[in-house]
Amino acid sequence: MRSDSGLVRGVDPIVTLISMMVVIGFVIYCGLQAEAAGAFFQQVSDNILNNFKWFYLSVVTGVLGLLIYLMFSRYGNIRLGRDDERPEFSYRSWLAMLFSGGMGIGLIFWSVAEPMWHYAGNPFAAAGLSDEAAATAMRITFFHWGLHPWAIFIIVALTMAYFAYRKGLPLTMRSVLYPLIGDRIYGPIGHAVDILTVAITAFGVSQSLGLGVIQMNTGLNNVFGMDISIGNQLIMIAAISFLAILSVVSGVGRGIRLLSEWNMLLSIVLVIAVLLIGPTRYILHTFIESTGDYASNLITLSTWSDAQADSGWQNWWTAFYWPWWMTWSPFVGMFIARISRGRTIRELIVGALLVPTLVTFIWMSVFGGSALKMEQQDRVAHQELVEAGSLSGEAAEFNGGEILLATKAETTSAIFTLFEKLDSGSLGQGLMILVTLLLATYFITSADSGTLVLCTLSTRGSMEPPLALRIIWGAMQAFIAGGLLYAGGLKAVQTASIVAGLPIAVLTLLMSVSLMKALRAEAGLLPIPLGPQRGSNRPQALHSNTQSHAATPIDAAQPAMLRASGER
């Protein structure tokens, strides 16, 4: 059943209404019972991480291996659409949207903070606050933000894009299971998959918005003296959400694309500024050394589960990150699929796996490397005071420099403390203003991309969802973020996201099998074809290749069409 009139024309009522009720009910629970919800989900999360850490490591590493294989195999030449179809967006716009919709916000938040935490101590260094700890800190940070998280996003994007643009199925998560369960994707199983995807996307974007305005508030406090308060943060959520709604209403080709290109420009300016102002030679050495260190230790890092020491460190970091990225993969993966029509499988993997990873390494080297150099200078200065007899007793013990101590006190202040250390005058203030502006624009692109994904899922894969639905989902994300922030329920939702990572991990494994089954069928390696070859211009294609897949509703007629075209 689908509504075909009025403000909700084309909306899937089952997926939309149930997912909205789930989201609203969950938010009310986390808002009214923040402490109880946090404790409950923390316990469940701990149990999952302790018992399924091996599964997360295996799935993510396996997905990365699969993508590398596809990149070099003959399947890499398959186009996500007709064989003669070309991409909708230029490389520049495409890469800008990839990065903005992927992890732009997180890079600002963690580019200084994560290296600082690892510098204080990690299992791969004999002692914290040492040169060895600094080197391993960058290696670990590269690992957590490098190939593996992007592989999680890309397997979702690739599978959805393949079945939508090559096979004519709707651009929804349920479609990735068609080779495994056939027409049952149109029943309760398919509904459950899409409802889970909608709920996780709504939670992910909303909590990111809530956590992000806290960092923005910190930046505005450092620059303009704005009070750090819930009231100011709610105002920022309202303003950002309003701009995000305007962006998503204008469409991908205008608002989202232009904002993403603006993000890319601001990011380049910020990176160049810090590279020139900061310890340039050290940054360049750090980039080269850390990249090589990461590459030479990639397999070890990918499979290390802390089985012997069982120190708990892995649960705080890698085993936490992988399900965290998985809960983001439906949103980011679907957005990447939406903007990647017409590209080949090889183009998608190279463009969305290697290029963003390289950019991430540069970003982390500039900001994380600068912070580590400042810390090392503070350590040397402290040692000189000790040797001169100016410090003794407890004061002689070095517990970290200014940036590390600021990070431990409040993670959101890490990058602003770095700027203050680089230049305490107008130049440092300018960097703070620039990064705060960049935070705002990244939040807008994340919110509008998330809204677009929610609307697409709610309308069974429509490329042009109703404007009213875009406004409803955009406003709903703002209310969720604001309500959780006001009630103190953000931590509970964040922990619950890790719990949701387990079913997404299972779904990721299934979609990988599904994709390979379909690719082998297209190559003639399986006796039974799994769908019409849209790129081959065969007459039995589901519908005209120039039409949006939104024109193919999920109704009783579609399974018959699939069977008629040899899909089953």
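Sequential numbering from 1, following the chain as shown.
Each Cβ is built from the backbone N, Cα and C atoms, and glycine gets one as well.
What TrEMBL says about a protein is an automatic prediction, not a curated fact.
As given in TrEMBL:
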{"type": "TRANSMEM", "residues": "12-34", "note": "transmembrane segment"}
{"type": "TRANSMEM", "residues": "54-72", "note": "transmembrane segment"}
{"type": "TRANSMEM", "residues": "93-113", "note": "transmembrane segment"}
{"type": "TRANSMEM", "residues": "147-165", "note": "transmembrane segment"}
{"type": "TRANSMEM", "residues": "185-214", "note": "transmembrane segment"}
{"type": "TRANSMEM", "residues": "234-252", "note": "transmembrane segment"}
{"type": "TRANSMEM", "residues": "264-284", "note": "transmembrane segment"}
{"type": "TRANSMEM", "residues": "319-336", "note": "transmembrane segment"}
{"type": "TRANSMEM", "residues": "348-366", "note": "transmembrane segment"}
{"type": "TRANSMEM", "residues": "431-455", "note": "transmembrane segment"}
{"type": "TRANSMEM", "residues": "467-487", "note": "transmembrane segment"}
{"type": "TRANSMEM", "residues": "493-513", "note": "transmembrane segment"}
Sequence-remote partners of the transmembrane segment (493-513) [C-beta within less than 8 Å, at least six residues beyond its ends]:
26-27, 30, 37-38, 41-42, 44-45, 48-49, 52, 55-56, 59, 62-63, 66, 152, 155-156, 159, 173, 176-177, 180, 193, 196, 200, 203-204, 206-207, 211, 320, 322-324, 326-327, 329-330, 484
Would you mind listing the long-range same-chain contacts of the transmembrane segment (431-455), meaning Cβ under 8 Å and 6+ residues beyond its ends?
97, 100-101, 104-105, 108, 198, 201-202, 204-205, 208-209, 212-213, 215-216, 219-220, 222-223, 240-241, 243-245, 247-248, 252, 255-256, 259-260, 262-263, 266-267, 269-270, 273-274, 277, 330-331, 334-335, 338, 415-416, 419-420, 422-423, 462, 465-466, 469-470, 473-474, 477
Ranking 12-34, 54-72, 234-252, 319-336, 467-487 by Cβ pairs under 8 Å to the transmembrane segment (147-165) puts first 319-336
By Cβ distance under 8 Å, which residues at least 6 away from the ends of the transmembrane segment (319-336) in the same chain are close to it?
48-49, 53, 56-57, 59-60, 97-98, 101-102, 144, 148-149, 152-157, 160-161, 171, 173, 197, 200-201, 203-205, 305, 348, 352, 449-450, 452-453, 456-457, 497-498, 500-502, 504-505, 508
Sort out for me which stretch, of 54-72, 234-252, 467-487, has the most Cβ pairs below 8 angstroms to the transmembrane segment (12-34).
467-487
Positions on the same chain near the transmembrane segment (54-72), where near means CB under 8 A and six or more residues out:
147-148, 151-152, 154-155, 158, 302-303, 305, 318-319, 322-323, 325-326, 345-346, 349-350, 353, 501, 505, 508-509, 512, 516, 519
